[in-house]
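Enquirer: Here's a structure for you.
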Amino acid sequence: GYSHAPDALSYGVDMKHIRWCGILQRIALVYVVVALIETLTTKRRPNVLEPRHLSIFTAYQWQWIGGFIAFVIYIITTYSLYVPNWSFSEHSDHGVKKYIVKCGMRGHLGPACNAVGYVDRELWGINHLYSDPVWSRLEACTLSSPNSGPLREDAPSWCRAPFEPEGLLSTISAILSGTIGIHYGHVLIHFKGHSARLKHWVSMGFGLLIIAIILHFTNAIPINKQLYSFSYVCFTAGAAGIVFSALYVLMDVWELRTPFLFLKWIGMNAMLVFVLGAQGILAGFVNGWYYKNPDNTLVNWIQNHLFIHVWNSERLGTLLYVIFAEITFWGVVAGILHRLGIYWKL
């Protein structure tokens, strides 16, 4: 992004190396496809469902056809596209070093030779991909695995290569996620009773989870977020259905809403929380004042002295920091703004 907050106190983007993809771009593309199908097929579906078990699926057949087409495009491309050898250059103070990654295969799901990365390299160009992929944290790349760290001397060349986790082909797979998500909404519209809604959500959620687990542990299609594999779609969509059902029971059936008001406040001001919080704009602003060196900032002091050092654990301290200094903090801020009637909207 244009701002490099909260850690780097700088801004600006080199257009020669700008990253074209990202999570917001993925959301936009998925939303456009799903919303267009939903809008263009409004007059083709009945207002009242027939008393059949699968009537809600047949009523929205065009949405499922769209999701199925996305699934077919992803599967065929992933497993049939030939990925040739490819190369990239790494720039350092000592000059430019060129690396070659040997592939020459089809259907590979590993970091080096998958079709997802090949499509993005050909479409966007390797300079415009994400430069710090999670695969660089694998044991084959660093002794600090599963954390990031210096690369091993014998690390494969692909450990240094960029990879786009929100690229085109994986975003096409995410269209199926959007299709399943809008199905949960269709259930909410057409079924008025709590039990009928929960029956659909829970059954579909567990069904998707079972499919994902079978595909993963049989090694047919492993769960892989970077590739947005079909098993990953099933697992996340199924988990979303179960979590959504649990929250529905707590808040709409049992009416235990007070403990979860902070979620409502954050949702009502999601744009503000995303820009100032998730994108680190507020933390970057606070970090603009430091003592002696740019690492000695108020945000870093709070994270280290109030969380990490107290618990003598970077993992536990970081988790508690996220829960209290980020989620709880922004819940309180969003609640105050809600009381004042202040909202960021488009």
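Glycine is treated like the rest: Cβ placed from N, Cα and C.
So TrEMBL has the following annotated:
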- 23-41: transmembrane segment (TRANSMEM)
- 62-82: transmembrane segment (TRANSMEM)
- 168-189: transmembrane segment (TRANSMEM)
- 201-221: transmembrane segment (TRANSMEM)
- 227-250: transmembrane segment (TRANSMEM)
- 271-291: transmembrane segment (TRANSMEM)
- 319-337: transmembrane segment (TRANSMEM)
Enquirer: State the non-local partners of the transmembrane segment (23-41) in its own chain: residues 6+ outside its ends, Cβ under 8 Å from one of its Cβ atoms.
Expert: 60, 62-63, 66, 70, 166, 171, 174-175, 177-179, 181-182
Enquirer: Could you pull out which residues elsewhere in the chain have a CB under 8 Å from any CB of the transmembrane segment (201-221), counting only those six or more residues past its ends?
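Expert: Sequence-distant neighbours of the transmembrane segment (201-221): 180, 183-184, 187, 229-232, 234-235, 237-242, 244-245, 248.
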Enquirer: Under 8 Å for C-beta pairs, could you tell me which stretch among 62-82, 168-189, 271-291 has the largest tally with the transmembrane segment (227-250)?
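Expert: Per the Cβ under 8 Å count, 168-189.
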Enquirer: Who are the chain neighbours of the transmembrane segment (62-82) in space, where the CB to CB distance is under 8 Å and they lie at least 6 residues beyond its ends?
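Expert: Distal contacts: 33-34, 37-38, 40-41, 44, 104-107, 109, 114-116, 118-119, 169-170, 172-173, 175-176, 178-180, 182-183, 227-228, 230.
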